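The following features are taken from TrEMBL:
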- Glu325: active site, proton acceptor (ACT_SITE)
- His326: active site, proton acceptor (ACT_SITE)
- Tyr126, Gln188, Asn211: NAD(+) binding site (BINDING)
- Ser236, Gln258, His261, His326, Asp359, Glu413, His418: substrate binding site (BINDING)
- Gln258, His261, Asp359, His418: Zn(2+) binding site (BINDING)
Amino acid sequence: MKLYKYTDLSEQNIEELCLRQLADDARIAESVKEIIAQVKAEGDQALRSYALQFDKVNLEQLFIEKEEIGKIASTIPADAKSAIDTAYANIKKFHAAQLYPEAKVETMPGVSCWRESRAIERVGLYIPGGTAVLPSTFLMLATPATLAGCQEIVVCSPPQKDGKTNCYLAYCAQLLGIEKIYLAGGAQAIAAMAFGTATVPKVYKIFGPGNRYVTQAKQQVLASGITAIDMPAGPSEVLVFADETANPAFVASDLLAQAEHGTDSQAILVSTSETLITEALSQIEIQLNDLPRKDIAAQAIENSYAVLVADKTQAMAFSNAYAPEHLILATDTFQELIPKIINAGSVFLGNLTPESAGDYASGTNHTLPTSGFAKAYSGVSIDSFIKKITFQQISPEGLKAIGPTVEILAAAEGLQAHKNAITIRLKSSDGY
Ligand SMILES: NC(=O)c1ccc[n+]([C@@H]2O[C@H](COP(=O)([O-])OP(=O)(O)OC[C@H]3O[C@@H](n4cnc5c(N)ncnc54)[C@H](O)[C@@H]3O)[C@@H](O)[C@H]2O)c1
Ligand SMILES: N[C@H](CO)Cc1c[nH]c[nH+]1
Ligand SMILES: [Zn+2]
């Protein structure tokens with residue numbers, strides 16, 4: 001992990017450090033373009049051939065259904081079942097609180113305006129399954145989708161080597177009433193949900209995190225105007241701000257937790273204390289040795305860096321410029337920093353709040369914007385699965401109140417028919 005001193009960094013250096021672009025981005029974009037074109041042209045046949053190429057599975061059937069899901073789910077160990085139940089209850093509780101009706105507003109006497117929510121009818125959820133199968137992502141996406149009332153929920157996840165899915169995903173499906181899991185991964189799964197194939201239904205909006213292929217595919221189908229997406233949610237990132245009140249071993253554990261997701265994960269340490277940085281780095285070396293995914297995590301740590309800052313103001317300036325997917329404030333004085341946070345996906349406060357808690361079970365959503373997109377996007381929530389439709393109703397009194405304003409503005413724009421739609425009503429005695 002490289003160490004930079006903030007005071008030695010120019011604005012341009014900071015900008016470069018905050019960029020997540022990688023040398024092979026163009027190659028990934030090109031191969032995703034090809035995959036999308038193949039799926040669009042050949043549908044299921046392309047899904048089978050990519051499953052063979054990337055997942056090393058010869059798939060007869062591109063999905064598993066309720067009965068088989070039930071059988072696989074029944075093999076889940078009791079402790080895992082109970083942990084999923086607890087996580088689900090917390091996620092459901094947090095997201096259910098986001099469902100609320102909005103007030104009707106009378107903008108002028110007799111002119112009422114309001115918004116009502118309607119669920120997006122068809123949504124597609126991508127559950128990653130390359131380096132690790134993520135049942136937690138199943139809960140994070142399907143819980144708000146079902147609470148919002150989405151009618152058709154299409155779930156895609158890469159197939160296991162036996163051409164099936166694992167007991168954890170199957171149990172999540174059962175818990176959430178999802179009766180089919182489509183066995184497709186990567187960019188091809190995103191293309192299938194965007195265009196539809198003989199087997200995979202086309203959806204209106206695609207959700208979910210994934211590797212760079214998945215994220216690139218979501219961005220390409222969005223750009224081609226085929227479907228909406230939640231946000232770019234790519235390789236995991238964490239920025240830990242730690243001061244002298246932080247525990248270096250805790251800090252190291254948080255950095256490694258995200259590093260183990262993939263070699264392209266980003267684990268950034270920002271600190272006011274050089275001693276803390278030195279101790280956290282040596283803790284990383286110690287803790288790395290015990291990790292089964294040691295090589296992946298070590299590579300991600302190698303690609304990451306630490307920044308020594310003079311004070312908390314510089315720390316927050318760097319964090320806001322970086323716009324991390326996850327921000328951990330490993331300091332006893334986190335309260336004073338909260339108002340200074342402008343860009344972040346999800347924030348973890350104090351020395352006893354590890355990101356892992358939010359990844360699995362605190363209740364907040366772990367599908368979050370990466371690559372600096374936290375500057376403009378929020379993470380997944382109930383809002384992601386609904387549209388807000390505006391309504392207005394005008395009474396006779398309201399028509400008299402608002403009519404002249406609309407007539408004058410329509411005339412100013414030279415739109416006579418707009419003006420007439422008011423005038424004709426004001427002159428008529430119909431209905432009042
Ligand atoms: N931002 C978030 O909210 C969030 C949440 C959870 C996970 N994540 C991230 O999701 C990612 C999951 O990645 P993953 O790889 O484990 O699983 P994945 O399911 O995203 O990708 C696996 C698929 O990638 C495709 N693929 C692999 N190599 C390819 C190649 N050379 N060319 C074309 N396609 C290829 C294959 O189809 C494979 O099925 C991780 O980077 C993790 O950090 C992000
Ligand atoms: N940290 C990931 C989001 O970047 C979510 C996750 C799933 N499982 C473990 N972690
Ligand atoms: Zn994680």
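Every residue gets a Cβ built from N, Cα and C, even glycine.
In TrEMBL, annotation is done automatically, which means it is predicted and not curated.
With a CB cut-off of under 6 A applied against ligand 2, none of the binding-site residues Tyr126, Gln188, His418 are retained. Checked against ligand 3, the binding-site residues Tyr126, Asp359, Glu413, His418 give Asp359 as the ones with a Cβ under 6 Å from it, listed in sequence order.
Taking the centre of the Cβ atoms of Tyr126, Gln188, Asn211 as the NAD(+) site, the nearby residues of that chain (Cβ within 8 Å, site residues left out) are Pro128, Gly130, Cys156, Pro158, Ala184, Gly185, Gly186, Ala187, Ala189, Ile190, Gly210, Tyr213, Val214, Ala217. Checked against ligand 1, the binding-site residues Ser236, Gln258, His261, Glu413, His418 give Ser236, His261 in sequence order as having a Cβ less than 6 Å away from one of its atoms. Look at the binding-site residues Tyr126, Asn211, His418 and count other Cβ atoms within 10 Å of each Cβ; His418 has the fewest. Taking only the Cα positions, the spacing between Gln188 (NAD(+) binding site) and Ser236 (substrate binding site) is 21 angstrom. Cβ neighbour count for Ser236 (substrate binding site): 24 (other Cβ atoms within 10 Å of its Cβ, all protein chains included). In the three-state DSSP assignment, the secondary structure recorded for His326 (active site, proton acceptor) is strand. In this structure the alpha carbons, written CA, of Glu325 (active site, proton acceptor) and His261 (substrate binding site) are 14 Å apart. Rounded to a whole value, the Cα-Cα separation of Asn211 (NAD(+) binding site) and Ser236 (substrate binding site) is 9 Å. When the binding-site residues Tyr126, Ser236, His261 are screened for a Cα within 10 A of the Cα of His326 (active site, proton acceptor), the ones that qualify are Ser236. Sequence-distant neighbours of Asp359 (substrate binding site) (same chain, six or more apart, CB under 8 Å from its CB) are Ser136, Ala257, His366, listed in sequence order.
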